[in-house]
Amino acid sequence: MLDIQLLRKDLDGVAKRLADRGYTLDVAAFSALEAERRAIQTHTEELQARRNSLSKQIGAMKGKGEDTSAVMAEVGGIGDDMKASEAKLGEIQARLSDLMLGMPNVAHESVPVGKDEADNVEARRWGTPRQFDFEVKDHVDVGTPLGLDFETGAKLAGARFTMLRGPIARLHRALAQFMIDTHTQQHGYTETYTPYIVNPEILYGTGQLPKFADDMFRVEKGGAENTVTQYLISTSEISLTNTVRESIVDASALPIKLTAHSPCFRSEAGSYGRDTRGMIRQHQFDKVEMVQVVAPETSYAALDEMVGHAEAILQKLGLPYRVITLCTGDMGFSAAKTFDLEVWLPAQNTYREISSCSNTEAFQARRMQARFRNAQGKPELVHTLNGSGLAVGRTLVAVLENYQNADGSVTVPEVLRPYMGGMERIDAPAQAS
């Protein structure tokens, strides 16, 4: 959530910055609500001052033995007026809060201004795409003989679900273990196991609600009269970041660096017809997430560090990639700045997103009321960052395509072999004669 004081000080400036993000701020509606809020607040304060004055007058009159009934009646009337004004003020503030909850973060000044992904800026590349001396297959054709089973996944749960069997399932698990081990043993993160179902207020904290309710899977428990609504997480960023919700941490505890391997659940509303083949866009997929909670002055150094941590995974796997700076119009709702990592997929002859690393500055912290004690001992909002390290399913796709062989086998990347019992290659099972 944006700081409402920022809008009060420079409403037109904030509106311009939000317009760069493709969001139209209703300046007239905000101004009208603010004017009404100020008027009611001023009236309430005047009533409070009048009641305080009359209360002192009543005390003085009682000391003199004078009749206070008329003054007390006026005090009673003021009390009724104050209750009505406070109720109205609460209503106005709730409407302002609803308006604020729907506003995206403002972009950092270093973010390129643009409308969509066509205006993103490539920062750098690593690795050289492999030159194949045979016809390249996509991950579906490579993986299906090795245990990638879309038919059973669809039978069990419908479209955009996948079943993994045998060595492919083991390779998928190996990738996640390798990522977690790298982040905990080399990058300083604490491994965390989180709930996969969370309460609605948790999603408000990280910005998925109210705007992206249609993208979430909702679950309900209890009978018809006692239904409790919860949500399946779309990323473990949600639960990891909210661990500091409604708390004040000591500055000495920062940075807090957490990582988790979890399934992620997304309805993919609005993506009908996109990436319908294979594992690129799924309703359920695994991801290793990185989250950092830091002091404001260190958050952009932390963002660069986090991008480096995601890059390290790709480099160790030997997968070519590029780093993209997202423009204002392509960033996620909560982000102030985002870098995407895109891995090379030879069958598509292009780079595809495999990680997104973002600094949300104080946007999520303000929604969560997550603070730390600064050098002056005063509570101050932390900055929160999140990044994929990496999306496990898409990494599996990249390994299958980049490490495929002419005979249909897949070479296991060296760093994964300890997790695969020393296996160097995945071969299709022999066909019964």
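Cβ coordinates come from backbone N, Cα and C, glycine included.
Values in this document were obtained by computation on a predicted structure and should not be read as measured data.
For reference, Swiss-Prot has these:
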BINDING   Thr235, Ser236, Glu237, Glu289, Ser388  L-serine binding site
BINDING   Arg266, Ser267, Glu268, Glu353, Ile354, Ser355, Ser356  ATP binding site
Note to self: Please report the Cα separation of Arg266 (ATP binding site) and Glu237 (L-serine binding site) in Å, rounded to an integer.
What the structure shows: 14
Next item on the list: Rounded to the nearest Å, what's the C-alpha distance separating Ser355 (ATP binding site) and Glu289 (L-serine binding site)? Just drop the number here, would you?
Entry: 9
Checklist line | Inter-residue C-alpha distance, Glu268 (ATP binding site) and Glu289 (L-serine binding site) (nearest angstrom) | finding: 19
Check: Using DSSP and three states only, what is Glu289 (L-serine binding site)?
Finding: strand
Item checked: CB within-chain contacts under 8 A for Ser356 (ATP binding site), separation at least 6 -> Gly332, Thr338, Phe339, Asp340, Leu341, Gly387, Ser388
Next item on the list: Check the binding-site residues Glu289, Glu353 for other C-beta atoms within 10 angstroms of each C-beta and report the one with the most.
Entry: Glu289
Next item on the list: Mind giving me a neighbour count for Ser355 (ATP binding site)? Other Cβ atoms within 10 Å of its Cβ, every protein chain shown.
Entry: 28
Margin query: I need the nearest neighbour of Ser267 (ATP binding site) among the binding-site residues Thr235, Ser236, Glu237, Glu289, using C-alpha distances.
Written below: Thr235
Next item on the list: Quick one: pull the CA-CA distance for Glu289 (L-serine binding site) versus Ile354 (ATP binding site), whole Å only.
Entry: 12
Notebook entry, point to check: Do you know offhand how many angstrom separate Ile354 (ATP binding site) and Glu237 (L-serine binding site) by C-alpha?
Noted result: 16
